[in-house]
Amino acid sequence: MALRREEGWHSSHQSHFGRDRWEELRIALERDHEHLCYVNPFLPASEKEVICEDYSLQPSCIPGAYDFCLPPTERQFPVVDAGDERHIFVDKLREERHELELRAPGEEIAPFALSEGSSLVVSAALQVEEGDTVLDACANGITSLVLAGGLFPRCPRGQALPHDLQGRLVCNEMVKSKASRLQQTMHTLLPWRLFDVNAAAGHAPRVVFTSVDMATTSNAAERLGPYDKILLGPPCTEDKEMLRGSAPGGLSKWSAATAKVNAERQLKWLHNSLWLLREGGVVLYFTRALSVEEGDGVIQRLFQRVEGLFDLQVMPLEELVAGFVPGLSAEPTDWGARIMPDKTSFGPMFFSRLRLLRRRHQGHEQATGFVSLGP
């Protein structure tokens, strides 16, 4: 008999995790998301000090993210988007304090965003550097903010872009309505010059947007490549949201077949992403699904599928990443690592970092299909 709905969901995961752990994990999944305050990396130091004081920021184990306490209502930044309960975006200004407006009129950016910690982990774990060409293939605003901070560390708000600035961030969201909202969000978070062709020393904008289906093999995201780094989090089984009733239909929509369908799509998107990478480039795949089929299973099947086409390497958790992942009690898996909410305040999240060592397919010497928009 096929496993379906809430009873099948419990039975399937209890079989995998064991009765005792599953009970603890189920309780943890029912809890509200715990947010960290991710301070906008483009915020001048003096304004960051004000935020640190007003929100009582204390460093967390995740770079750039802080535990916080909300100040009195009149000193809070108004929330402008909480449509995804994992990520909360605030306005650029607040009525009680006008420090941004007074110091740099027209240059305002939102000083921070509140995020569930595992989204910050996977974004930081990609380890982007200035000069990289990066694709945020399933951008949600938070991930793109973290990536932009790594790409453009010399571009604080209110200053001209360096003439020798290199690198580009491509933010992709397949659903048109979400893509429009993503653009609005990013324009509140990043300095306007990163979007402006004239401010980019005559080159293309440093941050651009696409709205393409990663299941297709020829699209705008491909033409903007090849990429040094890709962050990929395809649609998945949202177990926590389904249990909490914040996903449409909740657990009444769950079935074992759903994980199989999602895993097929995830595998296709991940496979396609390899064609967008430079040799030596890195793709970080992540999923919030509990099932092994959508985590380790996708990576294992990818290695089988690309044999003879690509040489891939599963990257270990290097020193920089290892500095904060253990603080989240990350569990190693056969093909990556996972952060689970019964061991920490965040997750569930599985992720795996893959390096493209070499292309073996015919014609790989010619980088066809890519166009240049400037250095």
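Cβ coordinates come from backbone N, Cα and C, glycine included.
What TrEMBL says about a protein is an automatic prediction, not a curated fact.
Annotated S-adenosyl-L-methionine binding site per TrEMBL: Glu173, Asp213, in sequence order. Under the heading domain 'SAM-dependent MTase RsmB/NOP-type', TrEMBL lists 112-357.
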Same-chain residues at least 6 apart in sequence with Cβ under 8 Å of the Cβ of Asp213 (S-adenosyl-L-methionine binding site), in sequence order, are Met174, Asn219
Could you list the residues of the same chain, at least six apart in sequence, whose Cβ is under 8 A from the Cβ of Glu173 (S-adenosyl-L-methionine binding site)?
Cys138, Ala139, Asn140, Ala179, Leu182, Phe209, Ser211
